[in-house]
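Trainee: This structure is in structure tokens; I'll ask about it shortly.
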Ligand code: GTP
Ligand code: SPV
Ligand code: MN
């Protein structure tokens, strides 16, 4: 088919042959009105945010500089795990936890969806780099999208634009990340504020290292550098190359003796990573600095230690529950502006509000559904998965090491989930394999970060259930092998935490947030060999005296309940873990069955 030249397709600002050929192919398939190469400048940001304001997608905030309120289509508010696919050549490589379709079949389905899908819109070419572009092997990607919201959000979340395109040269490898809203415009058709399609596909080709996304504008479905590249595709790269791509925050902890430690922690979506990463300790003398709040890429250094790097450039954080008393550093970060707020409420004086920001809600708001809202309204003003999108460089406690391509040496890894019962406040693994078992059996109540039921306990191994880009049993094996291949004395020590245990009245047993510094203190004292622990059936838990609860408004009984290992509760976990492991058949590393046997015998 011949067509008149698409503006922007000729005279591209690069001679990268593979990139040019791919952009041309996708433009010919999706037939946008024009192709625009994203340069990442302030002028471009001005132009695109104004375009979004004019389209009714964005409302400029009076009270925060260069910031915008945005309400999505009510059907497009979270990751869609049932529409997410790992299209490996062999179905067994996707494993029992991922949706799968043969790559050829998926490509023919999606090619028909993409045909003409950008009609009446602009195709933006976003060159991006996950992690510093100064790295030895910069991790390039290029996202094609017909969404201005995606361009603007990608500018916050990743390093993008001309400087990245330049660094890609003529032939550097990159991950092609194709995105379309699936909402073409016919001539004269008026656009809606949040175009999207009822048909959604979030698709990964791990062997090809390619991403195809269709139908959604929501963060994790559309900002393809984040979950799609940095976790699903990167986890497959990491398996092949001997490193780890994980759903983890990274923080720096300084003790009163001025010793510094780096800690990584994997909690499922909406289970406390951003909050822990920015924590303001309540115990004197301790200091936390932030390196990352969602994703850690970890590689072994020449010294045998595991170094973690945050590949992102921004924070895409859960808004509800974020307030001056829970996460003041997040509040300070967004207060500087340059942020996009999606599906929160708008105040009458042009600011944002959400449940948990302040104790007293404003008397009147515009809800995320663009309806009048008062404290008497039946529904919350903000969607439970509403988000702030803000530059990480605005975080007042960002650690300077953040920009170091080499990363930071990790001393401890925490796994954690949201469990009302059973899981103690903190448990230390006996050794690496026991820690891998903790990761592989991690369980949590589902949250609003993905569509579907909320509050249902499920296994979420390593907080990576929706993000492992290959067979989860092979992924467990990769962790076991990682332990075998490296000096055990230099490996991070592994802990399992649960901030969400409840008492009989349904209230949280542990105050959480800044008080979690007490748990971090115990972790560090374990590393230093100064804190006592009790050996239980499930690992080492603090003795009543070794956890610093001084000045905390908590009864001895409450502390005991938060730390308790109840053998009866744990015995109920065993059949669930057995069932979980059986899913994986022969692929499950035998060490996982060995660890389960150890647990069973200790519970007997
Ligand atoms: P994703 O961005 O989805 O990966 O989430 P996340 O793991 O970064 O979770 P985040 O820190 O945004 O917290 C999610 C929700 O849990 C928010 O509503 C927080 O207020 C709440 N939360 C975080 N930490 C704690 C805690 O220590 N105790 C309690 N009770 N709630 C917490
Ligand atoms: C998560 O769901 O774990 C998030 C938000 O961090 S999203 O980018 O949508 O995946
Ligand atoms: Mn996350």
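Even glycines carry a Cβ here, placed using N, Cα and C.
All annotation found in TrEMBL is predicted automatically rather than curated by experts.
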Trainee: 247, 294 bind Mn(2+) according to TrEMBL; which of 227, 259 goes with them?
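Mentor: TrEMBL lists 247, 294 binding Mn(2+), and from 227, 259 it also lists 227.
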Trainee: TrEMBL has 218, 219, 220, 269, 385, 386, 387 down as binding substrate; which of 47, 60, 79 does it also list for that site?
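Mentor: Record source TrEMBL; matching candidate: 79.
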Trainee: TrEMBL has 270, 271, 272, 273, 274, 275, 387, 513, 514, 515, 516 down as binding GTP; which of 232, 239, 418, 419 does it also list for that site?
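Mentor: TrEMBL names 418 for this GTP site.
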Trainee: So which binding-site residues are near residue 272 (GTP binding site), with CA atoms within 10 Å, out of 218, 219, 387?
Mentor: none
Trainee: Check the binding-site residues 269, 385, 386 for other C-beta atoms within 10 angstroms of each C-beta and report the one with the most.
Mentor: 386
Trainee: Which recorded positions are spatial neighbours of residue 294 (Mn(2+) binding site) here, meaning Cα within 10 Å, out of 220, 271, 385, 386?
Mentor: none
Trainee: Just to be sure I understand: of 79, 220, 269, 385, 515, which binding-site residues have a C-alpha no more than 10 angstroms from the C-alpha of residue 247 (Mn(2+) binding site)?
Mentor: 269
Trainee: As a test of the contact definition, list every same-chain residue at least 6 positions from residue 219 (substrate binding site) whose Cβ is closer than 8 Å to its Cβ.
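Mentor: Set apart from residue 219 (substrate binding site) by at least 6 residues yet with Cβ under 8 Å, we have 79, 153, 226, 316, 342, 387, 389.
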Trainee: Which of the listed binding-site residues (79, 227, 247, 387) has the least company, meaning the fewest other Cβ atoms within 10 Å of its Cβ?
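Mentor: With the binding-site residues 79, 227, 247, 387, fewest surrounding Cβ atoms within 10 Å: 79.
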Trainee: Fewest other C-beta atoms within 10 angstroms of its own C-beta: which of the binding-site residues 218, 513 fits that?
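Mentor: Output over binding-site residues 218, 513: least Cβ neighbours within 10 Å is 513.
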